[in-house]
Amino acid sequence: MNNQTPPGNKSESKGQDSRKKRGAVSGEKGKRPALQDISNRSIGKTTKGKRSATKTVQSVSRTTRSQTRNGPPSANKRTSAHSSQSSDDSMVDPTNEEYFDPMDSSEPEVTEQDLFYSQQYSADIYRNTLRSEIQYQPKFYLPSAVHQELTPKMRSILIDWLVEVAIEFKLNSETLFLAVNYIDRFLSTQSVPKSKLQLLGVTCMMIAAKFEEVWPPSVEDFIFISDNCYTKQEIFAMEVKILNELKFKLVTPTVKCFLKRYLTAAGFCDGDQTVENFCHYLSEMTLLDFEYLRYLPSMLAAAILCISMHTIARHAWNISLQQYTGYSFAIPEFKLCIMRLADCINQPHVYKSVDKKYSKFLTGDIVVSSLPWQ
């Protein structure tokens, strides 16, 4: 393993002309990563010639938007596993202002995009984030009488393709996580026929890119990457439908949001980045499995860090991290989440896009031989 930073986590350089069209994703004609597994009609022939897949604009630093800059949502009472854990004097509510916050050792003067980690604001932001993750958690909608055609396998195929789209367009990882959140929240209440599932996925990716990216791909880019299966009017109509269904609530905490904070608190953002890379890899693998919708993003992020520390660095899930995240082995659901992640690591993967994305950052076989509490 080497210590490079995984794709999608640092800024990307751009070129000169922001209006140039993106082009063919692959150098060979006819090999774009269009979603072949979910059938849909084709509207027209693929544009002849080669087009560049990446937009060239002036060299800028890709800046992600703060998850909480618009203020907290309604203050719902937190009903996650935090409230169901056993009464242990060593466990402290992470929303309590008096508990020790490892982030307090950070410099008080930070840039705007780092406010989530600021000593001055981190406690308030974290409390609001814990509340809002419950509000925006998708329902466990499969199997359901509402979705007669949709299966978990079809969802996995769609997300696997969206990972490839994010790679080709060099989108931030947070854009991918937001897009998947929008897909699942929409499908929690609305039925979509199989022929329109790719349209839903590519439109959610476009919405997330508009929200998160400095230079988002154009609608023409998303039409081209979908092998010209949909018109501009169809994408815009689906965009309106999605935004109305989500009530334009696009600021939502994801696993990536919590994972960045936990990694910083655990001290894995400096020096050897193997644990950090493996955490980001696992977090994207969870997007492919519908079963992970059973867990809140904060719990899933804590479980990812716990199993990664145990497997890669042989570090224990200590009292400090238990207090900081609010999750301990006394919570049965937390242990079940870790066991599912261990199975994900040990079993062969059907969908290869995430493996391919991280192949040069994580080399060799990684096997979980024991669980952290054993």
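In case you wondered, yes, glycine gets a Cβ from its N, Cα and C as well.
Annotated in TrEMBL:
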COMPBIAS  1-10  compositional bias 'Polar residues'
REGION    1-106  region 'Disordered'
COMPBIAS  54-78  compositional bias 'Polar residues'
COMPBIAS  81-93  compositional bias 'Low complexity'
COMPBIAS  95-106  compositional bias 'Acidic residues'
DOMAIN    160-244  domain 'Cyclin-like'
DOMAIN    253-372  domain 'Cyclin C-terminal'
DOMAIN    257-343  domain 'Cyclin-like'
Across the domain 'Cyclin-like' (257-343), average pLDDT on the 0 to 100 scale: 90
Residues in the domain 'Cyclin C-terminal' (253-372) grouped by DSSP into helix, strand and remaining coil: 76 helix, 0 strand, 44 coil
